[in-house]
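Visitor: Let me give you the structure first, and then I'll get to my questions.
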């Protein structure tokens, strides 16, 4: 199956995405650990007959399939499945066209026009029509990608591009974060871009403004001409025609129409026109008729020189003292002397220095008329440097070139290469003002990036990895190689600082580059798609064709969240270079801006590593860390937390603990002395951020571990090890004066385990955990003896003693807990102990788990006794929530598919109600995380609130198992889960107002009763976790809302020009599957 998945991807599958790709088709990840391999790449290297591994140009590891005829048919089916999963284009299709179905086992046809679930407002229809198709939009596939120049306006076009992939918060695969209001406004600006105007309409409008007899107000021609005279007199050194409209508007607060601008060169009584040919295109300079017009060579070329400056065409002429001729010098002789001067200065001679140098060399003054550069075009070329003051460099022409100018017949004797190099380029469309469009930040939740280099945490150069980014760039570079190697027009004859060119790098690769300096025959270029600079020979620089301006520069900068205060710290920079540079990482984008604020994650190992948090920990003062050794003993130890697997967190007396108390007192004084303002509170929470939380009258350091919404999140107390759910509004930023002091103190919670007890046995029994918590958490003074320090797992093996039992090992907690019959209890403690007993035994710390450790557990088959209803609270009695209103047959609704088993069973949620469900779940999280647990007498088919993966859901209990687990059905999402009975709490009436959101559904239009696993995978990949449109065929009502069932057509309307009817796709799949091989 692995080979088939790889064969369906002709361009290979990145190693970082292979697991997800494999799971999307099979439903399971590659079980490489079960086969004895520690990493996926190690397993792939062991099967060279199936997988071929290569490293791409950008350093990404790509996996390719080794061809096998046996899997060709499976690969074809996978490829067919993939073909209908193309990403959408730059626009969103808000209207679904009526499409007649094929007569193959269909029962009915859709009869309504449907709409795409809430992406764009109605004005999107107006925006879409004049928008040209984007060559770099997401609708293009990699194989058919073209790089044609798209005319402006570019910013509006790219404002629309991200709309298609921006799904709601509920559809994010990981780290579901509800955006704060200030960030939500920014997203709304992407979803509601400013409507674009038709450039043709603007042009027509400008024409009407100057056409006589039109209905528009007619401009006074004499006023415009007088204004132009004033401008040209002010700019006696000349004025670019292309700059005239802007200057005119700034001076006279009026627009100079495009048609009027075309007429300006023909007004010979007002201005004179000088045409210049630079870089193969023609520019015009205007001069007042009252000022003598300077002349420049029409074929301006560039020569390498040691005084390289930006080559900007000039507007001004030098003011030089009047020179008198030294007699009647023949013209040819004068040119020969000037040629000798220029030949002596092989790197060029400044124009204003020519008279002085000529006089020093020949003891004669240079005639004034010679300063007209038109008369020197046959012996020198001119490099125009700046406008004000006038600067130009003169270069001597070769003898062959001078002869060529004087005698065209000599061309036959000149080598063809020389003629090609020095032949003037034909005028063409100017490219010096062309700029690529801005880089659009990917809309996916966690895009991949390659970290190129960094000089500060606020200036980290990255490149996005993906089809529309690195893959598109590789395709463009292949085209650049063909263009620069074969096209004769690609040769460049004029260089300037800041110019975009194509530069030849190693391995015969051509890259886009920007010139940053010119020194002799060497050019320093910055590769704009990679973010680093290099010095190359001038012969390796080529003209950048306009087709290569369509792709945005791929190298961009970002800021690392949480490291702003230490952006230039050498320790942070060194750690970041070691952990991130040259690696492909996942990125979580917190703020989308010109320089995004991000969190980097290394996902190459078994666990995701937060690079930002890992670098921040490098600031810890090692001198404050505990130096633990085997057989060392400590007294006055405080046990701060007991976890459900028997892990303990302890605080030992140390210099670090003393400094922590002292610094936290300063924090308290700082907050009391200042007025409470908004900047003291955490405004942008993210995983790995360290902040302060006020707990039991004292400030404590906490690290954010999970963000549930804009109001609720999970934190871990750094100095006690406790995990809790808190409100965002309860967190405060560390005061800047004390930030480094608090960060430098190592966490004071020492992670320990009891020696001589089995490790990695899973969760302890609830009775054992509760006994341990009751014994050690209430003891003010404990003692420990260190047995072993495991640095690999950051675990300390200890013997734990209460205050009166040290150092007798037989009376240690380790011995007492094994002597107790705590491991025999398999029934959940809440179902067998009275509420008063539980309340008296409850302590602080993390929740105890529900599972029994295998190996210590002996009674696996004991039955659960019926709970005593008098000993625990029962479910409150109140009315059911109102039933969810469903459309009638023939009507449609926008839905989100939360669960998809097969076409005969999937679960939908009403799209328009999702935001209400998010609010309810957020309130449930805050309510149950801040209230004390209650013992609950669980009953089958009753409603409760249950905690599943750090979130609370409204559930229906389906069964109670003998090992303390409860089978529940999520009434809003349609999933079945197993949870600990201690994670089930009464569902209060406050959370019963919203109708249950899960709609059990069946696909209409298909007749198959039994679906194969392969067909189920195809169906799941096309509908699960996606916003779709449902056309209801039948509603089967029932007494209970969770037993209602809908039969509906499902349609994917996300593509710009195609609607995917899921029942048609499944029917076609069955036909393909039933064909003979």
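Glycine residues also receive a Cβ, built from the backbone N, Cα and C atoms like all the rest.
Swiss-Prot feature annotations, pasted as is:
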type     : residues : note
COMPBIAS : 300-328  : compositional bias 'Polar residues'
COMPBIAS : 857-868  : compositional bias 'Basic and acidic residues'
DOMAIN   : 1-67     : domain 'HTH OST-type 1'
DOMAIN   : 220-289  : domain 'HTH OST-type 2'
DOMAIN   : 330-398  : domain 'HTH OST-type 3'
DOMAIN   : 494-551  : domain 'Tudor 1'
DOMAIN   : 684-741  : domain 'Tudor 2'
REGION   : 300-331  : region 'Disordered'
REGION   : 841-883  : region 'Disordered'
Visitor: With helix taken as DSSP H, G or I, strand as E or B and everything else coil, how many residues of the domain 'HTH OST-type 2' (220-289) land in each class?
Guide: 32 helix, 18 strand, 20 coil
Visitor: Average pLDDT across the domain 'HTH OST-type 3' (330-398)?
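Guide: The average pLDDT of the model in the domain 'HTH OST-type 3' (330-398) works out to 76.
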Visitor: Per DSSP, what is the residue tally for the domain 'HTH OST-type 1' (1-67) in helix, strand and coil?
Guide: 24 helix, 12 strand, 31 coil
Visitor: Summarise the domain 'Tudor 2' (684-741) as counts of helix, strand and coil residues per DSSP.
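Guide: Counts, helix then strand then coil: 9 helix, 29 strand, 20 coil.
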